[in-house]
Amino acid sequence: MSGYSSDRDRGRDRGFGAPRFGGSRAGPLSGKKFGNPGEKLVKKKWDLDEPPKFEKNFYQEHPDLARRTAQEVETYRRSKEITVRGHNCPKPVLNFYEANFPANVMDVIARQNFTEPTAIQAQGWPVALSGLDMVGVAQTGSGKTLSYLLPAIVHINHQPFLERGDGPICLVLAPTRELAQQVQQVAAEYCRACRLKSTCIYGGAPKGPQIRDLERGVEICIATPGRLIDFLECGKTNLRRTTYLVLDEADRMLDMGFEPQIRKIVDQIRPDRQTLMWSATWPKEVRQLAEDFLKDYIHINIGALELSANHNILQIVDVCHDVEKDEKLIRLMEEIMSEKENKTIVFVETKRRCDELTRKMRRDGWPAMGIHGDKSQQERDWVLNEFKHGKAPILIATDVASRGLDVEDVKFVINYDYPNSSEDYIHRIGRTARSTKTGTAYTFFTPNNIKQVSDLISVLREANQAINPKLLQLVEDRGSGRSRGRGGMKDDRRDRYSAGKRGGFNTFRDRENYDRGYSSLLKRDFGAKTQNGAYSAANYTNGSFGSNFVSAGIQTSFRTGNPTGTYQNGYDSTQQYGSNVPNMHNGMNQQAYAYPATAAAPMIGYPMPTGYSQ
C-alpha cells in the first residue's frame, strides 16, 4: 500500500486491557458547576519519562518534490502568495500524490473531485507531517480544515491503539458549535474510510450521547472550550493521550474570551505534543498565544501580510442613514431573489435586531430565517440545514455565524449593521466566494460607524475595489473637524423639505424645538416644549392633537375635527378659540404649523415609505 504505513491493523478487534496512563476504571467523578470554568482542573506537572514516547515525524518527501529546485519552489510560493517564516520549512506539494497520504485517504479525495491542493494545504501538509509546530494564517474558505485533519489521521495511525479510559489522540478546539459541527462533518467521511472514530462535543446539546462517545473511545475529538472543560472537571474524559492539538480560529476564540479556558485545557496536555494553530488574522494576542503554546514553529501566511479580504469578493458599500436601511434592504433583496443563485446571509448587530428583521421579512413573504446565540441548539441546527439545502435562502444572523459557517454556495453577504472592527467585516464577507468561487458583499455604512471608515477604505483599496466617494467625504469631514449632523455626515434629508413643513423632523421651528420628544411607535408623536416645561403632542398619522395638553397650569382638551378650549400664550393672556381660528400661538409667541385635518392613515405595509419612521 502506498503512502504512510504503520503497525496498526484497523481491522482487528480492540480488546480492553488494563488502563494505561491517563485512564481509570473507577468510573467518572461526580462534578458540579462552578462560576469559574476550569477552576477544578489542576495544572499537571509532567514527567516526560512517565508517559510512553511517541513518534510525530512521518514525512516522506516524494521524488518529484525532491527534484524541484529552490527557484521553482520560490516561484510557486510567489504565485500563491505564500509567505513562510521559520527554519527548515519543507517544500510545498503541488499535487495530492506528493503528500504520500494512505490509499484510503486518497480514495476519499478522489471522490470529492478535488483537483489540486489549496495554497495552505500545499505548504501546510509537509510541515504538519514533519511533526513541526505551525501557525497557519489564511483567509476563510481556503481549505484549512483538511490542512490539519489529514496529517492528524497519519499521526493517529502511528500511535498505539486506545485502551479503555484513554482520551482522544487528536484534539481540535473550535470557538463555536457551528464550526465544531462542520469540522466533524468533514472528519466523519475520512474517519470512516480509515476506521477511526471521531466525536463533536459542544454546549447546548444533551451531554449523554457525547459522554457515551468519549467512554467508548475516540481518536479525534472536536470540542468547544466550555463543554470540554465541563467533561474534564467531572472526569468524563482526559487528555493524557493527546499528542496532536489543533486550535482552529484562535483569533476568534480570544475575541470570545476563551483564553483562560484554553490555557486550562492546554495545561492538561503533555508538553511534547504537536500543536497547530490556525487563524484568519495575526494580532498581538494571537502572537502571544503562539509564543506560549508552540515551540520553534513554522509560520505560514497566505495572502497579504496585513489585514486583507478575499479578492474574489465584489465589495459594494452604501453610505446611508439608519432609517433608510429597511427600504434599501428590500430593494436589494428583490434584485437578489431574481438571480438563479441567490443564497444570502444578512448580518445584524444584535439578537433583538435579528429577531425583528426576521419577523418583518417573513411577514412580507420573504423566505428568511434567523440564527443567534440565544436560540436552542436544535433550532440552530434546523435553521442551518434549511439554509444549506436552499429551503430558506435568506439567513439573518449575528456574529455567532460570521466565522466558520461553511456553506459552499453562498452568493451574497449583506452587512445590515456594520461590525465593530474590520477584522469582523472580513470574516463576515468571507462567507461568500468560498473555495475560489466568486461572490458579492453589500454593506450599509452609516455616520455612526465613522470610527471604522479609515480601516474599511484600507480593506477596499487592498482588494482593488471601487470606493464610494461618500466614504472619502466622511474621512475628509472627520479629519478637518467639519463633521456635520449626527455622526459626522450632513443629514441631507432635511433639504427635501421646505421651511416650516418638515413633518418628518420638526413640528415647530428647529431652534425652539431643540429638545423635542419622539415615540418609537409607527404613529410618530412629536412634542414641542412650552414655557412651563409641559409638552404638546401631535399625532402624525391622523392630524389631531392628543388629550391632556397642559400649559401654564391650565388643562385643555383637544379633539379631532373641532378643537376648542383655552390656551395661554407668552403674554399671560388667555384667548378663546374655535375650529376656525387660523393662527395659534404655542406659548413661545411663535406661529405653530397647522396640521391638515385628514383621515387616519391605514397601517403601512413593509417596506415603509420614506415619510414614515422605520
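A Cβ is built for glycine as well, from the same backbone N, Cα and C atoms used for every other residue.
What Swiss-Prot lists as compositional bias 'Basic and acidic residues' is 1-15, 488-498. What Swiss-Prot lists as region 'Disordered' is 1-46, 477-504. What Swiss-Prot records for Ser24, Ser480, Ser520 is phosphoserine, and it gives similarity to another entry as the kind of evidence. The annotation SUMO2 cross-link is assigned in Swiss-Prot to Lys32, Lys45, Lys53, Lys340, Lys343, Lys391, Lys411, Lys451, Lys470, Lys523 (among others) on the grounds of similarity to another entry. Sequence annotations record features per position, and here Swiss-Prot assigns N6-acetyllysine to Lys32, Lys33, Lys40, Lys236. Sequence annotations record features per position, and here Swiss-Prot assigns SUMO cross-link to Lys53. Residues or ranges marked as SUMO1 cross-link by Swiss-Prot: Lys53. Per Swiss-Prot, domain 'Helicase ATP-binding' is recorded for 125-300. Sequence annotations record features per position, and here Swiss-Prot assigns motif 'DEAD box' to 248-251. Annotation comment: Swiss-Prot describes 328-475 as domain 'Helicase C-terminal', evidence class sequence analysis. Among the features that Swiss-Prot reports, region 'Transactivation domain' is placed at 477-614, with the record citing similarity to another entry.
Shown are the recorded sites Lys45, Lys411; the one with the most C-beta atoms within 10 angstroms of its own C-beta is Lys411. Neighbour density around each Cβ, counted as other Cβ atoms within 10 Å, peaks among the recorded positions Lys40, Lys343, Lys391, Lys451 at Lys343. Checked against Lys236 (N6-acetyllysine) by C-alpha proximity, the recorded sites Lys45, Lys340, Lys391, Lys411, Lys451 yield Lys45 as the nearest. Ranked by Cα separation from Lys45 (SUMO2 cross-link), the recorded sites Lys53, Lys340, Lys391 are led by Lys53. Cβ crowding, taken as the number of other Cβ atoms within 10 Å, peaks at Lys236 among the recorded positions Lys53, Lys236, Lys340, Lys470.
When secondary structure is read from DSSP and collapsed to three states, Lys451 (SUMO2 cross-link) falls in the helix class.
For the region 'Transactivation domain' (477-614), the mean pLDDT of the prediction comes to 43.
Taking Cα separation as the measure, Lys340 (SUMO2 cross-link) is nearest to Lys411 of the recorded sites Lys53, Lys391, Lys411. Residue pair Lys343 (SUMO2 cross-link) / Lys411 (SUMO2 cross-link) shows a Cα separation of 6 Å.
Distance noted between the C-alpha atoms of Lys40 (N6-acetyllysine) and Lys451 (SUMO2 cross-link) is 42 Å. Taking Lys391, Lys411, Lys470 as the recorded sites under consideration, the smallest Cα distance to Lys53 (SUMO2 cross-link) is found for Lys411. Mapped onto three states, the DSSP output places Lys40 (N6-acetyllysine) in coil.
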